[in-house]
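Residues annotated as region 'Disordered' in TrEMBL: 1-23. Annotation source TrEMBL lists transmembrane segment at 37-59, 65-84, 105-130, 150-172, 210-230, 312-332, 406-426, 446-474, 495-517, 552-573, 593-615, 627-653 (among others).
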Amino acid sequence: MGLQNGDLEKEEEEVTEATSGEKAFEGKAVPRWEKQITVRAMVVSLVLAVLFTFIVMKLNLTTGIIPSLNISAGLLGFFFVKMWTKLVAKAGIITQPFTRQENTVIQTCVVSASGIAFSGGFGNYIFAMSSEIAKQSPEDSTKQNIKEPGLGWMIAFVSVVSFLGLFSVVPLRKIMIVDFKLTYPSGTATAHLINSFHTTEGAKLARKQVYVLGKFFSVSFLWGFFQWFYGASDGCGFKSFPTFGLEAYEKQFFFDFSTTYVGVGMICPYIINISLLVGGIISWAIMWPLIEDRKGDWYSAELKQNSLHGLQGYKVFIAIAMILGDGLYNFIKVLGRTIFGLYNQFSKKNLDTSSDSPSSLSYDDRCRIDMFLRDQIPAWFAIGGYVIIAIISVVVVPCIFHQLKWYYIVVIYVIAPALAFCNAYGCGLTDWSLASTYGKLAIFTIGAWAGAAHGGILAGLAACGVMMNIVSTASDLMQDFKTGYMTLASPRSMFVSQVFGTIMGCVISPCVFWLFYKAFGNLGVPGSQYPAPYAIVYRNMSILGVDGFSSLPKYCLLLCSAFFIAAIIINLIRDLVGEKWAKFIPVPMAMAIPFYIGSYFAIDMCVGSLILFVWKKVDRVKADTFGSAVASGLICGDGIWTLPSSFLALAGVKPPICMKFLSRKVNAKVDGFLGS
């Protein structure tokens, strides 16, 4: 017997309530956009921005692998404001309730501030300009291609280039979020998390997650403190523990007891961690020993260890070839999907105009679209802001880098909005920002345009910074608009919090990098605590763009071509076989990273993967619930330890013990020497 109309309507309402996210917040007033940006939100954002900038900077200067910290930012923002509210309430002061919109503002502000630690280039293009990195490429270390880090010019540079991306895609927010309904997976996941915090059950779970995060934060911080006592110099301490023997240690295969990378390994997909290990085995266990055996034939035996015409050249340029091959493939893939997606969207609009009618929208979509379109950001404001900041940048940037002429910057700013749109759209489809790929494109084009005689190496690196900041900020802003859309946060509060976060980041990130630069005298030195591997990679990309293939050692071009093609083919195979089998095929970009710096961090990350894998086998529910909290605690604790360790180094306080490991033969010689 069929259901009556009334029964059908009732059943539909029950299904809607069960699947609706906004039904849980029905009856709760959404504060005006000005009320979403509170003093306490900005104070909490500032504290967390400093914390996360230290973490991102440490990751940037060690391996360059930076996982998404959105969940950690949202969780800690929730915890700190809840704690703030309780303390103020005990003092008898009445404050406005803590809403999910305010939580979203904090998360947006923190992520945009700490993001500048990456897009600001402190671990790649800015540090690549320094004499420390130039010494590792002595063939092209002329004065006009070197610029030493300076706190003043770094703050000025990131300040004039970081805001343009915010204005470049603001007029397109409705098209991206409402019309095209792009998913922006990271923004969507963050929104679901924040929404869950502000339900009764979600708040209880969040408190448990914060407790777990705090516990592992303490363990990680204390472990970093304990390790410090044994690391009197490079090659000392637990970070140089020959876990698999001294010969494996010489080939960069050892576990260095880094809780940071164990935590990163718990967050990153299994295939990324395995890819890193596979890349390390191919390079350090097979290729480099074979090439080193050809010393005197393929390259001169008299060359310095860091010469690009020797083994160092193979390490750097083959890694670059794989990175470029992977980047080119994904650039074409994302660009193709962007064009195809746009074509489908416009075709769909032309064929069917009824799909967006209010009656066809879900309850959630009606609520969200109404709020998203309520507080408009005028197009004239966005366009005017872009033009004004672009003019300021065209004047200021050539004063900082005289090699980067004003007309180079004008060309970048003319094409940048189109590239920012492509990156933001592609990120909405795939969750993949190609900001670094666009930056590399600027390195090659502007570097070659400037030429070797006019400081093309430095011009290419500076142009990379200009381009990378625009496209990176644009995709980040659109992710935040998606988060705001799903939490009913106003677009205006999202934009303003991005601006506040960017202002914070433009000051905090250079200051944190400056602290690292002054505290650790061996910053950027291969084999040191902070080798900054991407700095030498970016500098050599710029050299390649200016000098061409003449800078490569014997047979290096052939090997580079082979690995460039291999990276494209591997990516193609991954896409053709589908998700089921792709998870067993290594990722070329990840494989390339250990080619230069070794596999020690990959082993740490694989340990993190193993811990999570075993945990899921034992208790999947708890692993899924608390895995991110454990990983975040491990990363944050070790990351924040760098702050006191930096101050100790600046004060000239050195660890009292050097724990070092020697072979039996060398130990006998040392004993004999000391005995005599």
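Numbers here mean position along the shown chain, with the first residue as 1.
In case you wondered, yes, glycine gets a Cβ from its N, Cα and C as well.
Note that TrEMBL annotation is computational and uncurated.
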Chain residues in Cβ proximity to the transmembrane segment (312-332) (below 8 Å; excluding those fewer than six residues from its ends, i.e. six or more beyond): 136, 283, 287-288, 291, 299, 305-306, 432, 434, 436-437, 440, 536-537, 540-541, 544, 551-553, 556, 559-561, 563-568, 571-572, 587-589, 591-593, 595-596
Interface present between the transmembrane segment (37-59) and the transmembrane segment (150-172) (three or more C-beta pairs under 8 A): no
Range from 406-426, 495-517, 552-573, 593-615 with most C-beta pairs under 8 A to the transmembrane segment (65-84): 593-615
Region pair the transmembrane segment (37-59) / the transmembrane segment (210-230), three or more CB pairs under 8 Å: no
